[in-house]
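Taken from TrEMBL, the feature region 'Disordered' covers 154-173. Sequence annotations record features per position, and here TrEMBL assigns compositional bias 'Polar residues' to 160-173. The domain 'Kinesin motor' annotation in TrEMBL covers 203-529. Taken from TrEMBL, the feature ATP binding site covers GLY293, GLN294, THR295, GLY296, SER297, GLY298, LYS299, THR300.
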Amino acid sequence: MEMKTILAGSTININRSDGRVHPAVVVAVNQEGNFVRVEWFENGETKGKDLDFNVAAMLNPNLKMSNSETSPKFAKPNNVENCFVNPQRRGIPVNNRRTNVGKKRLTSNMLSEISTPAETIPKLNSSRSQCRELQNQNTVIQEVDSKFQKNKYEKRHKQQPISTATKKSQSNPYRQLATMVAEYRGRLTFEPLAMDDVVEDHQITVCVRKRPMNKFELNKNEVDIISVPRKKTLIVHEPKTKVDLTKYIENHTFKFDYSFDEKCDNAVVYKYTAQPLVKTIFEGGFATCFAYGQTGSGKTYTMSGDVIGTDSGIYALAITDVFRLINSPKFRHLNLSVSCSFFEIYSGKVLDLLNSKSVLKILEDGKQQVQVVGLKERYVTNTNEVLALISKGDILRTSGQTSANTNSSRSHAVFQIYLRKNGSVHGKLSLIDLAGNERGADTFSADRQTRLEGGEINKSLLALKECIRALGRKGAHLPFRVSKLTQVLRDSFVGNNSRTCMIAMVSPSVCSCENTLNTLRYADRVKELGSGDHTNESTVTNGKFDYSENVSSVHSVENNSKQFAEFQQAENRLFNNHRSILVKLAEAEREGQHLLKMTNNYEFDKKSYVDKFENLVDDAISNLLVSKDYIDDFKSKMPKF
């Protein structure tokens with residue numbers, strides 16, 4: 001059989017997607033791309049496609065590919081140049097996306113004008129053997145195409161995981177921060193708190209607990225910016241950016257009585273916080289333990305434990321120790337009975353969680369003892385009864401959705417354990433799960449009710465801090481009347497044998513950095529750590545560390561300049577607060593004068609007058625407490641000249 005070369009203008013057999021095989025005219029030959037461009041006339045219009053050389057050779061065994069050495073790259077017969085007789089398509093450019101050649105199309109007259117040997121064009125109405133041969137060729141073509149598509153899919157499938165991981169790594173905005181934090185941690189020596197460490201005796205114990213990263217934070221590729229190198233030290237790696245957009249971390253070091261890392265369970269936390277308080281109430285004292293921190297930081301988990309009960313909270317561990325000590329030989333002769341109460345403080349109201357959230361009143365008796373009128377106490381004999389009461393109260397506790405937590409506790413839950421001897425109180429332990437504190441900027445987009453809740457929570461937390469600080473200074477004034485929370489806990493503050501423990505809960509993610517620093521500074525104020533080793537230290541980390549003695553003087557100058565800058569910031573905040581407090585006091589004076597005019601009328605609404613006057617006084621005290629906080633901050637940063 002004579003072998004003919006495929007050139008532009010040649011007629012070859014092609015296959016269609018529906019299985020048909022018919023002739024078409026070669027318009028262009030692309031040897032670099034290893035394909036030919038063919039066109040044919042069908043149903044009154046010109047159609048075309050690209051055909052691979054190998055497929056064309058299988059359909060046309062009597063033809064061979066053109067060779068660049070023996071034939072031109074694109075050879076066309078003379079009659080192809082003038083074969084475009086359709087006037088409607090004249091002048092319309094046709095762009096071939098693969099070869100950029102074949103700018104013209106074929107018409108119906110082209111097939112008759114091209115001089116091609118008749119024997120090279122197979123007839124459509126061929127014999128049965130020819131049809132069978134064409135079908136076999138079509139089957140081979142489909143197999144080749146199937147293998148090609150399969151190999152293409154497998155190649156993409158293998159590359160997909162690598163491509164996705166690379167994109168995920170490149171899109172992580174905290175990659176540089178994670179590197180800097182890892183470098184800093186590599187220079188630390190970790191000696192965390194252990195279960196066999198000695199429990200120290202403090203009247204006011206302030207500790208901090210770091211929770212592990214949750215799934216939501218891990219999915220967002222957030223960085224853990226809190227390190228707990230030693231049992232009393234916690235470091236916050238705050239991300240910063242210079243004026244020239246250089247990123248660095250500022251390391252804030254805080255020191256407390258105990259620091260719990262994410263590996264410590266509730267049993268370890270209980271041993272160093274609430275367990276010493278249980279012994280205090282058996283000795284006739286009043287003790288208070290509360291969890292404080294940002295919403296979603298793990299306060300309720302610490303106090304109540306997890307849902308499935310594998311990690312019991314402080315409630316369950318404390319009541320277990322109470323029943324153990326009652327039956328011990330040391331205290332069995334006292335014949336003590338145990339009772340419990342559970343209530344919440346929400347928006348200035350006291351609600352009994354063991355009595356269908358009935359509203360309670362807080363009054364003082366003739367002995368100036370605070371009494372919660374209507375509060376129900378339940379006598380209990382074992383741990384299971386207490387856990388049932390706690391479970392019942394948790395269901396009724398007020399919660400809501402905030403910017404940081406979809407199920408945030410919006411009230412202070414107070415669980416109290418009483419030891420009574422012949423009806424009188426022998427000792428009392430108050431375990432408090434405080435509501436999550438929030439910044440005003442976080443509640444800016446919230447509704448009015450959420451903002452009011454946040455304002456009431458922050459006011460009670462400020463009052464609680466002042467009461468605890470006054471407890472550490474004997475003879476200082478106790479502002480317990482500022483909030484309902486401090487009123488209820490008055491006997492825990494004024495008693496001769498009173499002890500307090502605060503557990504500051506912090507979130508480790510970088511997005512909670514500002515809230516974490518606020519929580520730690522609050523706890524630092526409560527403890528009133530002095531200067532020297534206990535002062536909050538800040539170290540700028542940008543590049544390599546140098547601990548040589550030759551640069552000690554330079555570090556001293558940098559520390560002094562940094563302390564002076566912090567002092568100036570505290571001074572500016574104090575002055576701004578001073579101006580704003582004068583404006584608020586002037587507004588309060590005008591409102592007070594307006595209320596005083598109400599008393600000129602004999603039939604004025606006395607209840608409305610008392611309520612408005614009480615709100616006016618509470619707001620004034622709250623504003624003054626905020627100013628007191630600014631004053632203390634200014635005094636603590638005042639340089640010692």
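Yeah, the Cβs are placed from backbone N, Cα and C, and that goes for glycine too.
Within the model, the domain 'Kinesin motor' (203-529) shows a mean pLDDT value of 83, rounded to a whole number. When Cβ atoms from all protein chains are considered, those within 10 Å of LYS299 (ATP binding site) total 26, not counting its own. Over all protein chains present, the Cβ of THR300 (ATP binding site) has 23 other Cβ atoms lying within 10 Å. Cβ neighbour density within 10 Å is lowest for GLY298 among the binding-site residues GLY293, GLY296, GLY298.
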